[in-house]
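These features come from Swiss-Prot:
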BINDING   E68, E93, D120, D143  S-adenosyl-L-methionine binding site
ACT_SITE  D143  active site
BINDING   K147, D179, T216, K217, F218, E219  substrate binding site
Amino acid sequence: MSDVTTAEFNEEGKYLRKVRSFVLREGRLTKGQAQAMEQQWPIMGLDYTPESIDLVEVFGREADTVLEIGFGMGASLVAMAKASPELNFIGIEVHKPGVGACLAEAAEAGVTNLRVYHHDAIEVLENSIAEGSLACVQLFFPDPWHKTRHHKRRIVQAPFAELIRSKLKVGGVFHLATDWENYSEHMLEVMNAAPGYKNQSATGDVVERPDHRPLTKFEARGHRLGHGVWDLMFERV
């Protein structure tokens, strides 16, 4: 079990770590996940430190870096890393079974351009990622907190948009996706109001799913049931 934190901010836009009144029961790691954590973490794992990491040192090369917040079980992240060996990928996930599953899949796929954090994403972004160092930040299917009284817990808020902007290089892209239409509207409102961004949609709203974002099994099932998915892409200018 681990405490669950939520991205809340004060009036000045300062991130506040707040612990909700329940704990998340993560479930036990499978044998394969535990083995991957033991064998692959020394290779692909990044231990959190409160100072900026050197991406060239971490990956052993200079290349554009893509960072994904909350990669779940990691299947799509591994697929993207395998499809784009010229890019560096960093994934951040708080659920240990997901980290183990991602490491196992990455090892099986022979991926070498992926590193992962098992830590709070906001803390990693604030303290470990240098300003202007990322080519892309991906936030796919974050918790929608669909009840109105919980909307303040949504990770996409004005201070979060500014935090991401500060980590992107000029020309870098913040790519968001959600299967909740109300959350897509919230995302669009926040991002359109955020300074230093340009919406990549020709119509000023959402974009078609780009080929580089794999269609997940969950998403494919949603399409069959008539559920929508909304992608937003904003460029740092």
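The backbone N, Cα and C atoms fix where each Cβ goes, and this holds for glycine too.
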Which listed residue (E93, D120, D179) has most other Cβ within 10 Å, given these are binding-site residues: E93
Count of other CB atoms lying within 10 Å of the CB belonging to K147 (substrate binding site): 8
E68 (S-adenosyl-L-methionine binding site) - helix vs strand vs coil (DSSP): strand
Cα distance (Å, whole number) from E93 (S-adenosyl-L-methionine binding site) to K147 (substrate binding site): 24
Of the binding-site residues listed as D179, T216, E219, the one whose CA lies nearest the CA of E68 (S-adenosyl-L-methionine binding site): T216
Densest Cβ neighbourhood among E68, E219 (binding-site residues), 10 Å radius: E68
Spatial neighbour of E219 (substrate binding site) that is closest, considering only the binding-site residues E93, D120, D143 and their CA atoms: D143
Listed in sequence order, residues not in E68, E93, D120, D143 with Cβ within 8 Å of the centre of the S-adenosyl-L-methionine site Cβ atoms: I69, G70, F71, I92, V94, A121, P142
Tertiary neighbours of D143 (S-adenosyl-L-methionine binding site) (same chain, Cβ under 8 Å, six or more apart): R153, R154, I155
Residue pair D120 (S-adenosyl-L-methionine binding site), D179 (substrate binding site) - Cα distance, angstrom, rounded: 23
Cβ atoms near F218 (substrate binding site) (within 10 Å, other residues, all chains): 12
S-adenosyl-L-methionine site span - longest C-alpha distance across E68, E93, D120, D143, in Å: 15
Binding-site residues compared (T216, K217) - highest count of Cβ atoms within 10 Å: T216
Rounded Cα-Cα span from E93 (S-adenosyl-L-methionine binding site) to T216 (substrate binding site), Å: 17
